[in-house]
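Colleague: Below: one structure in structure tokens.
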Amino acid sequence: MFSPADNIFIILITGEFILGILGNGYIALVNWIDWIKKKKISTIDYILTNLVISRICLISVMVVNGIVIAVYPDVYTKSKLQIAICTFWTFANYLNMWITTCLNVFYFLKIANSSHPLFLWLKQKIDMVVRWILLGCFAISLLVSLIAAIVLSYDYRFHAIAKHKRNITEMFHVSKRPYFEPLTLFNLFAIVPFIVSLISFFLLVRSLWRHTKQIKLYATGGRDPSTEVHVRAIKTMTSFIFLFFLYYISSILVTFSYLMTKYKLAVEFGEIVAILYPLGHSLILIVLNNKLRQTFVRMLTCRKIACVI
């Protein structure tokens, strides 16, 4: 029998899963239809499509991981299912983080203004740069997940041997750390692409500040289009920073939940909060992206008309 906390956890995480799949699936579908109609895809749509696919994978593996850990902990710790789930989690996590970083760097290169030769070259070759970056994102994520799988396999064999030998000391560690995997701690190093995103964010804010100063010299009332684009990009990047901070903190909570008396509750809470990152940021992208937002509004309008008819 599940406890009330388990029931609440399953309901919440199922709701997050549905919203996450619908939100990210909507972005992928809109971009795919637009690609079919125009026979080409813009760089921003290409990045977003890759991003939401990685987030669908991330949300799916996080939901499976959360349910198995919280509801069936014995199955998780006593089988090789742990290796498979955590390897896919690492791959999806790193891929998602690096593609999001690619998106933030794209915003900076596309919107910001600078006279630096390197910046001008990257801005001119942005389409080629983005495609190479995305290829690099996939390669890095695959390499990291393979290394993580090896580390986790070694850890699994070590604890199996310790348990088999009935060594008191090792058995103590095995029994006291059911939710602590090297892979979870390994995923915390995804802060590296986050730092790159943070640098892009501050450079974009600096560009907006300089642009605003120039506007004031000639200025007239209202915002110019460039300022609006700056502000929209900064809103998107700010939401990413905030949601990733929650994701990072919740990952730390899950990682060290074995130290807490109510570790199962800590794991459930951490998983629920962590999924808000790939779910919430994609919903914010829909709201702040003109094409995605207008398409959604047209869908609602058509549905209302159909209901009236």
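Counting starts with 1 at the first residue shown.
Using N, Cα and C of the backbone, Cβ positions are placed for all residues, glycine too.
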Colleague: So that I know how the record lays things out, could you check whether Y154 and N290 fall in the same topological domain in Swiss-Prot, i.e. on the same side of the membrane?
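Modeller: N290 and Y154, as annotated in Swiss-Prot, occupy opposite sides of the membrane (different topological domains).
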Colleague: According to Swiss-Prot, which residue out of N113, N167 bears the annotation N-linked glycosylation site?
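Modeller: Record annotation (Swiss-Prot, N-linked glycosylation site): N167.
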Colleague: Let's see if you can do this one: DSSP helix, strand and coil counts over the topological domain 'Cytoplasmic' (104-131), in that order.
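Modeller: So the counts come to 22 helix, 0 strand, 6 coil.
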Colleague: Where DSSP helix means H, G or I and strand means E or B, what are the helix, strand and coil counts for the topological domain 'Extracellular' (261-266)?
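Modeller: Secondary-structure composition of the topological domain 'Extracellular' (261-266): 4 helix, 0 strand, 2 coil.
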Colleague: Which range wins on Cβ pairs under 8 Å with the transmembrane segment (185-205): 8-28, 83-103, 132-152?
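Modeller: Per the Cβ under 8 Å count, 83-103.
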Colleague: Find the member of 8-28, 51-71, 132-152, 240-260, 267-287 that has more C-beta pairs under 8 Å to the transmembrane segment (83-103) than any other listed stretch.
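Modeller: Selected stretch: 132-152, with the most Cβ pairs under 8 Å.
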Colleague: What mean pLDDT does the predicted model reach across the topological domain 'Cytoplasmic' (104-131)?
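Modeller: Computed over the topological domain 'Cytoplasmic' (104-131), the mean pLDDT is 84 on the 0 to 100 scale.
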